[in-house]
């Protein structure tokens, strides 16, 4: 048995200079797993709670010593002597110990860090890579694929201090034959975008996720400069490379309207969906995430009606990796894809349940980082293990982002043909 003999929590730093939670799970026999919880900037209101201390004298209230104390106390006591390979049982023990709907007693950051650390310790005990262990937990052993990266090369919204309203402008190297080639294509486009911005006298500082964050006259201008960068890199837009947006529309939804203050436009719900549709007609945008506010379900129904059979409509704040909310979306035919962020729900077991529910309903799955990240690369293993098909982990800059890409390179090298890169067919509506 992979007997747990110690659980340790500590406060570490994330990529934005804020504290986050790291956990270690130690097993009999010297096996150890270590994992860290990420943190979001644009967060859905129904996400599991990230427990912060609120003590303004430390880290402006963002300390996580309470969550760490919960790991070193109640969680450790509850898990001592348990089998680390019994992931669902461990996660349920922590969920029951917390006893709240959104994990606000122990903190989703505490529970998640321990959940992932236990999975890593169990993989070490079994003598297998983390992705292989997660695939077994998922009931899909040996069924792997390399994900198409959604590379956030131009940032706006909550991820940047500029006047661009849409939060993320991404490229997807759908024409690549392997993940390694996809990564190279993305890097070449990223460097060419820097040159394009410099030639225009625009800022080349980067945002939270490593993408450039210039001031531009409109959101369409962001697409225009990316188009030039793709062509300068020697690729065909729409053929080799497609585009994706994360609107994070909840961030500019005010009093029932969508206020694009950066370009001085205000839309009602259907009007904003029509605006997005017009962008898809001008550019090869094949995926739009959070194109409306998380509570605007009538608007989502309209957006799905006009765009859902043509492109991928991804629910992030809409679904918050929560099977209860996702099942309602499936029932009402809202969106056709889900973004998976395991700190939105707070455990590996619940994350895998959301992935299975989405796939069973014919929704696509995009595994995602958060804007506040660490060097922890667990999402790379998760994407391959579940054959999710797509991953969103930032730009080709900042080691907190590149750590995930490098782990995917290692995994592809290990698995070879057992983990195919399927490109365009992974994206809803593009097969």
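The backbone N, Cα and C atoms fix where each Cβ goes, glycine too.
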Inset, instruction - Have a look through 263, 289, 294 and flag the one Swiss-Prot assigns to the Mg(2+) site that 246, 316 belong to. - result: 289
Inset, instruction - Could you look at 194, 195, 341, 418 and say which one Swiss-Prot places alongside 167, 370, 371, 392 in the (2R)-2-phosphoglycerate site? - result: 341
Legend entry - C-alpha spacing of residue 209 (active site, proton donor) relative to residue 167 ((2R)-2-phosphoglycerate binding site), in angstrom: 11
Inset, instruction - List nothing but the one residue from 167, 371 whose Cβ has the fewest other Cβ atoms within 10 Å; the candidates are the binding-site residues. - result: 371
Legend entry - For residue 246 (Mg(2+) binding site): DSSP state (helix, strand, coil): strand
Inset, instruction - From the recorded positions 209, 370, 392, pick the residue whose C-alpha lies nearest to the C-alpha of residue 341 (active site, proton acceptor). - result: 370
Inset, instruction - Return the residues near residue 370 ((2R)-2-phosphoglycerate binding site), defined as same-chain residues 6+ apart in sequence whose C-beta is under 8 angstroms from its C-beta, sorted by sequence, else 'none'. - result: 38, 39, 40, 41, 341, 343
Legend entry - Tertiary neighbours of residue 316 (Mg(2+) binding site) (same chain, Cβ under 8 Å, six or more apart): 44, 246, 248, 289, 290, 338, 339, 341, 368
Inset, instruction - Report, in whole Å, the straight Cα-to-Cα distance of residue 209 (active site, proton donor) from residue 392 ((2R)-2-phosphoglycerate binding site). - result: 10
